[in-house]
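Features reported for this protein in TrEMBL:
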COMPBIAS  208-217  compositional bias 'Basic and acidic residues'
COMPBIAS  220-238  compositional bias 'Polar residues'
REGION    205-240  region 'Disordered'
TRANSMEM  47-69  transmembrane segment
TRANSMEM  89-107  transmembrane segment
TRANSMEM  119-137  transmembrane segment
TRANSMEM  143-162  transmembrane segment
TRANSMEM  251-270  transmembrane segment
TRANSMEM  306-325  transmembrane segment
TRANSMEM  364-384  transmembrane segment
TRANSMEM  408-428  transmembrane segment
TRANSMEM  449-468  transmembrane segment
TRANSMEM  488-519  transmembrane segment
TRANSMEM  531-551  transmembrane segment
TRANSMEM  571-595  transmembrane segment
Amino acid sequence: MPNVRTKVWNIVKDIWSLKPVLLPVLVTLLPLPMVTNSESKATRCGYTVIVMAVLWLTEALPIPVTSLVPIFMLPMLGVSTAKEVSSSYVTDTSMLFLGGLIVAVAVEEWNLHRRIALAILRLVGAQPNLLMLGLMLPTWFLSMWISNTAAAAMMIPIVGAVTSHVKSVVIEGGTENPDDLCLLATKDKDVHVEMQKGERVVLTSVSKKSDEKEKSNDVNSTPKSAQYNRSPSRNSATPDALKMHSKLSKALALSIAYAANTGGIATLTGSPPNLVFKAVIDEAFAQAGKLYDGQEWDSGVNFTSWLLFALPISFLTLILGWLWLQMFFLRCKQSCDCFRKIKSDRDKEVREIIAKEFKALGRITFAECLISILFISLAFLWIFRDPPNIKGWGDFFPKRYVSDSTPVMLIAVLLFVLPAKVPAIFCARKSDEDRYTPLLTWEKTAEKVPWGVIVLLGGGFALAQASGRSGLSKWFGDSLEFFASYNPFVMCLVVSLVVASVTEVTSNTATATLLMPILQELSIAAGMNPIYLMMAAAVACSFAFMLPVATPPSAIVFAHGYLSIPDMASAGLAMNVIAVFILTVGINTWGNLLFNFATIPVIFQEILKNQTLIGPVIEPIESMFNVSKPLV
């Protein structure tokens with residue numbers, strides 16, 4: 001019997017290994033009647049959506065590869081021209097994202113992010129609540145500007161070193177073993193983060209001796225395992241002490257994932273779903289404006305308006321997440337009493353570890369100073385391009401000529417121009433010294449920029465545009481018309497909860513891509529400002545706190561080895577509820593003040609009045625099961 005089971009299991013594994021071949025063929029052939037028995041553009045676009053949704057969800061093909069499907073499928077099905085589809089892959093929004101990634105590469109290349117993180121950690125000691133906050137704040141801030149994956153991968157070795165040392169000095173009587181500090185000495189360049197499936201991550205090694213290149217910005221990943229150098233204990237520990245240490249380790253590890261995920265909410269470039277939302281809403285306003293008065297209208301969604309709306313949500317989620325982790329893992333009074341001992345007995349030692357690591361970075365370099373200046377300048381240019389109620393520097397140019405991509409590309413180009421150190425020319429040059437070294441080289445940039453994410457965004461933009469212009473989104477909106485009778489507050493809450501649940505098991509970018517056009521049409525049909533539901537869904541796409549497969553930061557902390565899936569799920573469920581609550585309150589208070597959700601823009605009012613659709617006239621969409629009748 002065991003032999004039979006083994007043989008059956010081997011057959012299943014053999015078949016599953018052919019998933020990249022079998023699944024694309026099956027998902028292409030099974031819904032084919034939708035195409036062969038219908039001339040409707042909406043139906044044919046629906047076929048493309050089904051194929052891509054299944055491939056995205058199952059990851060039979062790498063997610064960026066699936067994102068290339070619209071380039072050949074939409075033109076061949078007669079939904080859009082090849083020129084229209086291809087133009088969606090290089091847009092103003094994708095250039096904004098690319099520029100932000102290049103700036104992030106420069107920050108990582110010169111270790112400025114590590115200096116910021118250690119500087120904040122120097123301000124806190126070994127008290128667990130402050131230590132956790134000291135880890136979360138730099139992770140949160142850095143993930144606004146650099147990859148969430150890179151921010152988490154940089155901070156996890158620090159967590160490992162801190163927990164290892166706490167175990168040494170508190171549980172095991174203060175072992176002064178230098179090997180206990182090996183994790184803290186591990187630089188983020190030693191963290192090999194291999195992305196292989198969608199947006200998941202594998203930490204194959206975190207070793208001081210590792211010479212593998214970091215790939216923390218890539219989009220393809222599968223969580224596996226992580227190996228950390230740990231020295232053997234000199235003394236045995238009591239069960240209560242081990243339990244205390246385990247709780248601290250879990251809390252600190254999860255705090256990194258939560259901070260990385262929430263930090264990406266705060267800025268428009270911080271997370272891909274934010275950019276998917278901007279691209280879809282900009283297209284909706286532009287098309288509706290052309291129908292209304294022949295002009296392309298501005299949606300009003302830019303870096304500044306997003307920051308004013310999302311930063312408070314991000315910060316409140318961070319603080320409540322910090323409090324929740326303390327309550328969930330450190331609620332035991334006995335543990336808290338033991339932790340207080342750290343403050344009085346060993347706080348100085350932990351501070352010395354962090355100070356030693358900070359000192360190892362050396363004095364701040366010319367390159368770090370220059371990048372800091374460029375970084376602050378970029379933030380200034382973004383915020384003051386089109387600030388609310390006052391004139392910004394964008395007003396000095398013709399209307400709609402400059403956007404948020406303009407300053408970021410200016411700064412990105414300057415990174416390849418400005419020197420990393422004072423040029424060694426004339427009498428200042430030593431014989432073996434390079435005369436000029438730029439802050440960034442293209443070789444380093446090409447290696448670290450996650451090109452797959454850019455392709456993923458492009459595929460999402462192409463699919464969203466085709467769904468809107470073919471009428472598929474309108475059909476979905478009409479099918480959900482019963483939902484429009486609900487109170488807008490209830491609709492927002494339901495949408496946020498559904499999106500936060502879906503994004504636990506699939507790519508948040510793919511989720512945003514599939515839902516944004518539908519929510520746009522649903523909002524218009526319900527007589528609502530489309531920004532309302534779409535913005536709520538975009539933010540909720542970052543509320544993936546429960547499973548290690550949900551986001552790269554979650555996969556990284558899971559691979560660290562201190563957490564189990566039940567740990568993540570039990571803590572993350574409440575965290576999802578907390579985050580959705582903050583989002584619902586925020587979008588209905590200061591969000592309404594910023595975007596005036598109570599009033600539907602006049603261009604959409606005209607569409608409702610005339611029953612005019614954005615894009616061409618829609619043909620009836622037909623079912624793949626009964627192609628002779630329209631779907632109800």
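Count begins at 1; order follows the chain as displayed.
Each Cβ is built from the backbone N, Cα and C atoms, and glycine gets one as well.
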Checklist entry - Excluding the flanking five residues on each side, which residues at least 6 beyond the ends of the transmembrane segment (251-270) place their CB within less than 8 Å of a CB in that stretch? => result 96-97, 100, 128, 131-132, 135-137, 139-145, 148-149, 151-152, 155-156, 159, 162-163, 278, 301-303, 306-307, 310-311, 313-315, 317-318, 321-322, 325-326, 328-330, 404, 408, 539, 542-545, 551, 553-554, 556-557, 560, 562-563, 567-568, 571, 575, 579
Checklist entry - When only pairs 6 or more apart in sequence are counted, do the transmembrane segment (119-137) and the transmembrane segment (143-162) reach 3 or more Cβ pairs under 8 Å? => result yes
Checklist outcome for this item: Ranking 143-162, 364-384, 488-519 by Cβ pairs under 8 Å to the transmembrane segment (449-468) puts first 488-519
Checklist outcome for this item: Maximum Cβ pairs under 8 Å to the transmembrane segment (531-551) among 47-69, 143-162, 306-325, 364-384, 488-519 is reached by 488-519
Checklist entry - With the transmembrane segment (47-69) as the reference, which stretch in 306-325, 364-384, 488-519 has the largest tally of C-beta pairs below 8 Å? => result 488-519
Checklist outcome for this item: Given the transmembrane segment (306-325), its same-chain partners at Cβ distance under 8 Å and 6+ residues beyond its ends are 129, 132-133, 136-137, 140, 144, 251, 254-255, 258-259, 262-263, 265-268, 274, 278, 382-383, 388, 535, 539, 571, 574-575, 578-579, 582-583, 586-587, 590-591, 594-595
Checklist entry - By Cβ distance under 8 Å, which residues at least 6 away from the ends of the transmembrane segment (364-384) in the same chain are close to it? => result 103, 106-107, 110-112, 115, 145, 303-304, 307, 392-393, 404, 407-408, 410-411, 414-415, 418-422, 439
